[in-house]
Number of protein chains: 2
Amino acid sequence: MSSADRTYDVVVLGAGPTGENLADVVVRGGLSAVLVEEHLVGGECSYYACMPSKALLRGTEALAAARTVQGAAAAVTGEQDVAATLARRDSFTHDWDDTGQVDWVAGAGIDLVRGTARLDGERAVVVTTPDGGRVRLTARHAVAVCTGSEPAVPPVAGLDGVQPWTPREATGAKEAPRRLLVVGGGYVGCELSFAWHALGSRVTLLQRGGRLLPDAEPQAGDAVLASLRDRGVDVRLDADVTAARREDDEVVLTVGGEEVRGDEVLVATGRQARTTAIGADTVGLEPGRYLDVDDTLRVRGLPWLYGAGDVNGRRLLTHMGKYQARQAGAAIVARARGEEVSGADWSPHTATADRAATPAVVFTDPQVASVGLTSAQAREAGLPHRVVEYPIGSVAGAALLADGYEGTAVAVVDPGREVLLGVTFVGPAVAELLHAATIAVVGEVPISRLWHAVPAYPTVSEVWLRLLETWRG
Amino acid sequence: MSSADRTYDVVVLGAGPTGENLADVVVRGGLSAVLVEEHLVGGECSYYACMPSKALLRGTEALAAARTVQGAAAAVTGEQDVAATLARRDSFTHDWDDTGQVDWVAGAGIDLVRGTARLDGERAVVVTTPDGGRVRLTARHAVAVCTGSEPAVPPVAGLDGVQPWTPREATGAKEAPRRLLVVGGGYVGCELSFAWHALGSRVTLLQRGGRLLPDAEPQAGDAVLASLRDRGVDVRLDADVTAARREDDEVVLTVGGEEVRGDEVLVATGRQARTTAIGADTVGLEPGRYLDVDDTLRVRGLPWLYGAGDVNGRRLLTHMGKYQARQAGAAIVARARGEEVSGADWSPHTATADRAATPAVVFTDPQVASVGLTSAQAREAGLPHRVVEYPIGSVAGAALLADGYEGTAVAVVDPGREVLLGVTFVGPAVAELLHAATIAVVGEVPISRLWHAVPAYPTVSEVWLRLLETWRG
């Protein structure tokens, strides 16, 4: 048991990708920074979310791609080696060992304190270390909360008692459960239904609403639903889980008066801010709530406190957390230097893309890649818009990529400014099509100029030309 | 044998993708148009170039992708079915039947005359039809020459006599030759070396210069060379072919005093304008030369004559021909209406991208996808520039895509304006990364704004973030 007091320019709570990036930016800007982490350095994404889930899916995707090319299909005569796929997944999570990340932190000139951090009034943080010691950290300029989010288990009778899988257990499982129940048809539920079905589980996906991926363009949820059902996943829409219990080794869910049985149940119905135990009350904030921040990611009313990443609830995506980290870090450095900080959209100090141009990829088959506003979001915001749609399979490059390629591109256009507000691609291997749309939306490149951005023939990207032609009518 | 005189607003020579698109644009603009074609409607690209060559390569690519994912690799136990791959290739060329294209032309409201077209003075074209008849076509507004290009056989003693393959025969072959000699290490020679090697040929690639893909960033040619050699293609650089002869069924090439033997030889050393037989002399032009056009694709000195696509020599790529067709078509329509035509860069009537932002993909393994200026081109043009390079394999999304992913991204930046002048990606499956770069270059999106274009995690597109970080230093 030890005790110490230390002062840094910036104290960062949470060493996930957001905290790491924020600390890196401020250190590059000449400030000193310390990261506090109670669990693994590298965060949820590296060990329990993006990386392992995509690793579980990639082998299935690669084989599906080969099977849809006449001539190549003949070579795919065997089955995926599930143990090897799980071993590959483990290699990406480094078997949940964070040595590499710790080395990176040290190399970046960032200090690291392991332990549980609590705010303790203005610019002060108290860390309880694993050995029961106490470290008091004081920030000259800023404290940044990057503690992220955690799964929210819905208030279903008995659900806590069945020890449901969260995404952590579902991405880390050492073998495929015989029967997997998945509660929640958002991107996590859909991706993991695909993954475990392909790796041998009998999967039942229970979605409360009438559509999968309800935040995406409707073409996305419809296509993913059809594909899941086509390969034998039992997808039930409008399926409200009202009770849960264990019977011996079985999980039993009550769904609309019926019972559904499985060996494991994954609950993927949403997340909540990880602010319960950070001493929020010592600075006048309500524990458990998302931090309310301005576009420089500064908590309103507390000029020394920042909240970046999931913890502010703006966009719960790793890459947007990292983006916010870069912007918040730049704002902290500028303010520490007494420089002016611009709060304007697209400035070096503000997060703008997380309102206007957030990219997201759902790694199902078909994939769903989207950026900016959907047609529904444009409608709800009362923005003038026109929707342009094109079947990707009609593009020569898509036909070359896969026999019978099916997909859809949807663009939401501001008809006054003639710029793109949002784009969604649904189809196999569309993930890498997305960044073109992101640059077009973020760059506010007018359609008149996009006509000069010629897609190479014969690539799938030629769908851009078709969208422009469809827009022109 | 028949004879007829007809008048149209626009007469188009050549019904490849460029001619088809140009005719389509002017008809949509309210003008009448006729296409003249002596061979297949749809052009070189559909039947003899892009489509069949990519169809030959795709199966190999899909299998290579699956083999580089641990877990999936176990399922790829068989061999590619070469006959099925060739059958798939044939399905894309519709067995060299152009009925579908002819139907499209009719549906688009474009007339079609089959036969050989010759200019016959101002705004006049004489067509000799297959039955020996004559049709005289007069253009009210414009004649557009879209006759494309044809392979140029280099002046090597005896080469004509060995009946070398052109890209036509090399993409259309009904079986893999046992030993294939390839002369020329540009994109055609490289792609077809990969294709036929994978389909069973023993390939020798002879490149006159010291590097493959000499017009690309050097990283491209180096990577393609290493990969070809790694899989057993005999690549010889600085290999000057000085003589050719046939001995029984063998082709024998003399290369630097040595003899190289094969069963077929593909000559892919360059192309020349298809203007020898179009009556160029009747309007004061020199037959066999590329047409000298301005940025509206109008032949200098002949205000009624346009040249779009390969025939003007600006950029010999299908997609750039189609782009020129759209711009030329818009200029023809505007001038026919008496509207002002802007010759400014990026106007609706000018081809600008073919000077500043031409995208191109080489479908080898690794692929090479590039747009805009290479570092060498920027240097030769005397433009201030800085080169930024990043190894794509260090991106999490690339590691997920393929075990041991190797690739390089190279960006050429204008340090004054802080915009991208050009980008090259070298690596597996980079083709669809390109359009993001094309939009960034064409849209002249400043780097300060590109920081807000967040790549989705974990995609290969995250290389964009790494390039920006490397630029910032």
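Including glycine, each Cβ sits where the backbone N, Cα and C put it.
Here is what TrEMBL says about this protein:
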DOMAIN    B:8-319  domain 'FAD/NAD(P)-binding'
DISULFID  B:CYS45-B:CYS50  disulfide bond
BINDING   B:LYS54, B:THR147, B:GLY148, B:SER149, B:ASP310  FAD binding site
BINDING   B:GLY184, B:GLY185, B:GLY186, B:TYR187, B:VAL188, B:GLY189, B:CYS190, B:GLU191, B:GLY270  NAD(+) binding site
DOMAIN    B:358-464  domain 'Pyridine nucleotide-disulphide oxidoreductase dimerisation'
Nearest recorded site to B:ASP310 (FAD binding site) by CA-CA distance, among recorded positions B:CYS50, B:GLY186, B:CYS190, B:GLY270: B:GLY270
Binding-site residues (B:THR147, B:SER149), the one with most neighbouring Cβ atoms at 10 Å: B:THR147
For FAD: widest Cα to Cα gap among B:LYS54, B:THR147, B:GLY148, B:SER149, B:ASP310 in Å: 23
Per DSSP, three-state class assigned to B:LYS54 (FAD binding site): helix
Sparsest-packed of the listed binding-site residues (B:VAL188, B:CYS190) - C-beta count within 10 angstroms: B:VAL188
Reduced DSSP assignment, B:ASP310 (FAD binding site): helix
Local Cβ density at B:GLY184 (NAD(+) binding site) - other Cβ atoms counted within 10 Å: 24
Extra residues within 8 Å (Cβ to Cβ centroid of B:GLY184, B:GLY185, B:GLY186, B:TYR187, B:VAL188, B:GLY189, B:CYS190, B:GLU191, B:GLY270), NAD(+): B:VAL182, B:LEU192, B:LEU212, B:LEU213, B:ALA268, B:THR269
Per-residue Cβ crowding (10 Å cut-off), top of binding-site residues B:GLY148, B:GLY186, B:GLY270: B:GLY148
Nearest of the recorded positions (B:CYS50, B:THR147, B:GLY148, B:SER149) to B:CYS190 (NAD(+) binding site) - Cα to Cα: B:CYS50
Recorded positions in contact range of chain A, given that the Cβ distance is under 8 Å, out of B:CYS50, B:LYS54, B:THR147, B:SER149, B:CYS190, B:ASP310: B:CYS50, B:LYS54
Number of helical, extended and coil residues in the domain 'Pyridine nucleotide-disulphide oxidoreductase dimerisation' (B:358-464), per DSSP: 36 helix, 32 strand, 39 coil
Surrounding CB atoms that lie within 10 Å of the CB of B:CYS50 (disulfide bond), all protein chains: 27
Whole-number Å value for how far B:GLY184 (NAD(+) binding site) lies from B:THR147 (FAD binding site) (Cα to Cα): 24
Spatial separation of B:CYS50 (disulfide bond) from B:VAL188 (NAD(+) binding site) - C-alpha basis, Å: 10
Residue among binding-site residues B:GLY184, B:GLY186, B:GLY270 with Cα closest to the Cα of B:LYS54 (FAD binding site): B:GLY186
Spatial neighbour of B:SER149 (FAD binding site) that is closest, considering only the recorded positions B:CYS50, B:GLY184, B:GLY186, B:GLY270 and their CA atoms: B:GLY270
Fewest other C-beta atoms within 10 angstroms, as judged across B:LYS54, B:ASP310, which are the binding-site residues: B:LYS54
Separation of alpha carbons, B:GLY270 (NAD(+) binding site) and B:GLY148 (FAD binding site) (Å): 13
